[in-house]
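Working notes, beginning with the structure itself.
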Amino acid sequence: MEEMVVEALLFGDRQAQLLAARQLAQFSNKQRHKIAEKGVVPPLILMLSTNDCEVIEAALFALLSLAFRSERNKTLIAKSGGITVLLDVIQCENKLLVELGVAFLLTLSSCGSNKMEIASFGAIPILLELLNSQSYNNMSFQANLDILSTLHNLSTCNQLIPSIVSYGGVATLIRLINLTSELVMEKAVALLENLVSSSRIALEEAARTEGAIQCLVEAMEEGSRQCKEHAVAILLLICESCRDRYRGMILREGAMAALLQLSVDGTRRARDKAKRLLLLLRDCSNCGQTTKQTKNIVLFEQIMRQIEQVGEPEGMSLALLEEMISKLRT
């Protein structure tokens, strides 16, 4: 059976290649590994270059199955010219093929040796455009998560962060953080933290983008535990970058209650970041506060003094802590 599939892919007509590609996707990992060594990757990539949607779909499934759990095959597909053809598929008008293509690109981007090559063919602006265009609303939820995950994989290569930033990645991510989907918010804020922690330009852009601090405070209030951790880490970086400029802006967005809550029941990393940010936000006397905001600042100072007396927020009684948070939120 394996030899028949290989022969059909190498020498068969359209129908033979179509059936062979579909059969390949059904093979075991061991069988797929053997087949990949017999030269089937180039003809499968050629199948992606056709205008036949049925053939392209079958080839995508076959290549995905070859790449699954195989770093060798991921590298082989990239070296055989698969990336540039795949990016063409991602830009086509067929929704199913676009989503399969994005899933395939995510798989390839998980291989460290492929990241620079993926970026060199222009994948970053293409992916960001998908997130910014009407295609975002038309694609499935999973496809949008796959795009964000692919960009996150690429961002782990520090040389690629400037490209993500220069093509508008920061503004795109801030817009996505405002969406109601918890998973999209978490993926977007995680990627944003990766950018701003590695790039001063990304940090400055995030800090000055209209509505950014507000959406990060909201993510810190309403997101998942991991989302809150990433959001408070970004806010801390922003405040540390220019305390005099940004601490008042963070306070005006009502961050104190969420920070106090996070300093007690967040992840270990989130608790640490929240405590450090709370200390940076103290003594903000000239921030253009309204009467209500000034009252909250005073209350905030009182809370911080009580925390200092007991040593840590965890040392306070739950009832007292809830009372303080409630006052800050009214």
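For all residues, glycine too, the Cβ spot is worked out from N, Cα and C.
Taken from TrEMBL as is:
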type	residues	note
DOMAIN	148-286	domain 'U-box'
REPEAT	39-81	repeat 'ARM'
REPEAT	122-169	repeat 'ARM'
REPEAT	168-195	repeat 'ARM'
Taking all residues of the repeat 'ARM' (39-81) together, what is their mean pLDDT?
-> 96
For the domain 'U-box' (148-286), residues assigned helix / strand / coil by DSSP = 114 helix, 0 strand, 25 coil
What are the DSSP helix, strand and coil residue counts for the repeat 'ARM' (39-81)?
-> 32 helix, 0 strand, 11 coil
